[in-house]
Amino acid sequence: MARKMLSDGELNKAAAAGEEATTETHYDFDLFVIGAGSGGVRAARFSANNGAKVGICELPFHPISSEEIGGVGGTCVIRGCVPKKILVYGATYGGELEDARNYGWEINGNVDFNWKKLLQKKTDEILRLNNIYKRLLANAAVKLYEGEGRIVGPNEVEVRQIDGTKISYTAKHILIATGSRAQKPNIPGHELAITSDEALSLEEFPKRAIVLGGGYIAVEFASIWRGMGATVDLFFRKELPLRGFDDEMRALVARNLEGRGINLHPQTSLAELIKTDDGIKVISSHGEEFVADVVLFATGRIPNTKRLNLEAVGVELDQAGAVKVDEYSRTNIPSIWAVGDATNRINLTPVALMEATCFANTVFGGKPAKADYTNVACAVFCIPPLAVVGLSEEEAVEKATGDILVFTSGFNPMKNTISGRQEKSLMKLIVDEKTDKVIGASMCGPDAAEIMQGIAIALKCGATKAQFDSTVGIHPSSAEEFVTMRTVTRRIAYKAKPQTSL
């Protein structure tokens, strides 16, 4: 949540005052960063490259995070984006093997899936990346401390080391980059459930899985486990999963999940979990009973700020525990800053990297920079994936100052016509009729994330629908549909409600 922003002039004055103070006060570091995830490492390296003396602390490495373990690389590298994507790749091969038969591949005998082998490969990769991040810090002359950091003053950080000893360091600037952690709802028997942390490191593959949640983590793990052969039941509170995404895309994702064999339970929660000899008995909010080998709670994440001593120092937090910052990522304490999930702005790794880069440029690069949150693309790596950039149809109508034009293309991908898989792709463009600018794009289908990255550049540059139309497509490809949608699917009059075709 943003607090009152400093103007560029105020920021420069504050920076000048800080420089003045530096001549009178000696600090151990120009910058001390708490948290060596994507945002923290980026801020540390770029600040050091600008001449700053930088220290950073991070909890000891472990695939499953807790209050006392973590690891350089943070959630994305160790227990988030990277290991999850590896499992998505692994799960996708199941369907690919089925589809291969109609492409002439004779697959004789049983095709077995070895969960433990994939798990080991995943662990090897995150260890490799963990070491790369450490080398990046070392190469930038950033001093890395292993231990838990907490702020004990406007310019002082205390690090509790592995052996329990505490060492304090002073710094002209302190950056909070501690990320977020998974949370569990307080349902009876909740201790029997796991979060996404544990889901990435299960010793045994679950043959029966129940997932509670309707967000991207929930649908991704449902897709992963189903793709690997598990029976999966997905429970969520709304009528459709993926609240906040385009409704038409949400409906297609739901159909695809069901088409892949996932049992959907909309407008349903879990009431109780009970340990039995046969597994975990799950009672739904409608009184139905299920049995599972694993129950995943994918019900949101909270800022990882509880143990930082922020309130004692006077740093303002919102009700969820997120650090309040201005447009430059500065807190109400001039020497303390925060980036990434700890601020609960847009909780994506590339956004944390952007915020960290802006921080380094502002504080040590002499170039005050504000993070730009417009047209941030994102993807949900369900199978097949969903990717979006800009406004959904619903958001466009809400913010409209004139009529909105919606262009859609739904089709069976060329690959599916031979394999026989009945799974449509859908592409969508939202256009402001008054300016002809494309203000939103969505795609659900194979390679959606790879395609959407290019579309995001176009939206960032302010591309018009006419410019899309004048672009020559790559044929045959799914991507060419984005430049061949000539006919308006529907026009939404100013102040009207969106109407989807589903």
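Positions of Cβ are set from backbone N, Cα and C atoms, glycine also.
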From Ala138, Ala377, Ala379, Ala387, grab the residue that Swiss-Prot records in the same NADP(+) site as Gly214, Ile217, Glu220, Arg237, Arg243, Gly300.
Ala379
With Ser38, Gly39, Glu58, Thr75, Cys76, Gly149, Asp341, Thr349, His475 listed by Swiss-Prot as FAD-binding, which of these, Lys84, Lys465, is given for the same site?
Lys84
Expressed to the nearest Å, what is the distance separating Tyr133 (glutathione binding site) and Glu220 (NADP(+) binding site) at their Cα atoms?
26
Tell me the Cβ neighbour count for Gly214 (NADP(+) binding site), meaning other Cβ atoms within 10 Å of its Cβ, over all protein chains shown.
25
Which recorded positions (Ser38, Gly214, Glu220, Arg237, Arg243, His475) fall within 10 Å of Cys76 (FAD binding site) by Cα distance?
Ser38
Of Ser38, Glu58, Gly149, which is closest to Ala379 (NADP(+) binding site) if I measure between C-alpha atoms? They're all binding-site residues.
Ser38
By a 10 A CB contact count over all chains shown, which of the recorded positions listed here is most packed: Cys76, Cys81?
Cys76
Among Ser38, Gly39, Glu58, Thr75, Cys76, Lys84, Gly149, Asp341, Thr349, His475, which the record lists as binding FAD, how far apart in Å are the two most distant Cα atoms?
54
